[in-house]
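Visitor: The transmembrane segment feature in TrEMBL is assigned to 17-40, 61-80, 156-177, 281-300, 306-331, 365-392, 404-429.
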Amino acid sequence: MASEQEYERTMEETPTWAVAAVCFVLIAISIFIEYILHVIGHWLKKKHKRALYESLEKIKAELMLLGFISLLLTVFQNYISDICISKSVGATWHPCKNGSKSKSKEEVSDEISGRKLLQFLESDFGARRRLATKGYDKCAEKGKVALMSAYAIHQLHIFIFVLAVFHVLYCIITLALGRTKMRKWKVWEDETRTLEYQYTNDPDRFRFARDTSFGRRHLSFWSKSTVSLWIVCFFRQFFRSVTKVDYLTLRHGFVMAHLAPESETRFDFQKYIKRSLEEDFKVVVEISPIIWFFAVLFLLSNTYGWFSYLWLPFVPLIIILLVGTKLLVIITKMGLRIQDRGHVVRGAPVVQLGDDLFWFGRPRFILFLIHFVLFQNAFQLAFFAWGVYAFGTNNCFHKRTEGIVIRISMGVIIQVVCSYVTLPLYALVTQMGSTMKSTIFDDRVATALKSWHHKAKKNAKQSHHSEMNSPFQVGLQLPHTGCPQFTSCIIITIAALTACMHPREGRPMLKMITGT
């Protein structure tokens, strides 16, 4: 029966109405998806969600990349399947055990009783494999095996698509849940404008650092030892990882470091954090080349005998717990620095910001770790969904019940920990670096600053390569002194110009910066 149906009908034998109907459905679905993305982009532009709009553009770029991968797999499918390797090499590093598997008596009995049905299904499945290769196995005639059959390439094609979709959806869900938890910070932000808060943090009020609310939370016997500090912070992330006193203290330190002290009651720190998180989301939602490289390593680790289902799902959990612990350690160390500067504080405790508190002096490295964790977890869930879709529930990839339980449970646990613990901590603590992000300004002010920076670099290059400049050109060139006061003057100047051109948006920004 299989030999009679070795080939299915080609386009020459297919009704034109069938071809037209299939093309119409595919084109209609594609146009609908494109329209939905266009509507979402228009809405984000209308709501001035620049960072989220750029994230949408990243998603479009990922879809285009998937299109290129699909095109390459389709074009080179026959060429790859024609590459032959020896049977000894082809028998190594299989995801499933080679040869016959041990079966129980019940399994053997069931196999004997249903032998005819299995032979029929196997013949039909073999016909579909021959259809994918569009011919005979050329490598079998040489006594070899194909490097990768056309049918296996087709399955890989589906897996890559499922992986990209799962990664984007997982990132969106994580961001949505994390921002939902961070909404309660709005109540704390509004409290900074009350008279009670101003009285509590009166600059004329002197207190011991240990007697402040921030000191009582972080300055204790366990904070003096590195081992006990990490242990306490590890367990603390599961119980109120971000408290009100932490938020208010870090907010006060940020304002004192980057803004005028008088602007503390007018600056919306919670809104700034939300903007910064949206800006970082552009990085997380993108599948960078190094992340694709890790995807290849994950596929390689799925070799029989490596027991990757027992240890690989735990890797993102360990990383995300270490990241959460590190962020809490940073908060405690900032409290210890307050005590090192003096046992008495005036007004609210002022934390000292710095990149040296982070791993390798790079706050962005934590963002990379979160990016890696989200992708690796999405990989585990996508691999499970793809295996069930392609081979059914009883396949060699998920033959062990403990493997299925570990993958699903780790996916849920990491989702909860990353959304409700790590992401809010990251959004708050990473603002304690040495520099502030451009999201502190309105979009127009940020654009003006970037434009000025670009023009200044361009003028510097022109002056370096030209020996003579006109007085007008020299006057336009801005010196790069590295002086914070000079940078502040430039920022204030641009904010003042923005206030003149757009009074409604620029004047509040100018007041916040100057404190007047």
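The backbone N, Cα and C atoms fix where each Cβ goes, glycine too.
Unlike curated records, TrEMBL annotations are generated automatically.
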Visitor: Going along the chain, which residues at least six beyond the ends of the transmembrane segment (156-177) come within the CB cut-off of under 8 Å?
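Guide: Same-chain contacts beyond the ends: 59, 62-63, 65-66, 69-70, 73, 148, 277, 281, 284-285, 287, 295, 374-375, 377-379, 381-383, 385-386, 389-390, 415, 418-420, 423.
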Visitor: If you count Cβ pairs under 8 Å, which stretch among 17-40, 61-80, 281-300, 404-429 touches the transmembrane segment (365-392) the most?
Guide: 404-429
Visitor: Hey, does the transmembrane segment (281-300) touch the transmembrane segment (61-80), meaning at least 3 C-beta pairs closer than 8 angstroms, sequence gap 6 or more?
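Guide: Contact criterion met.
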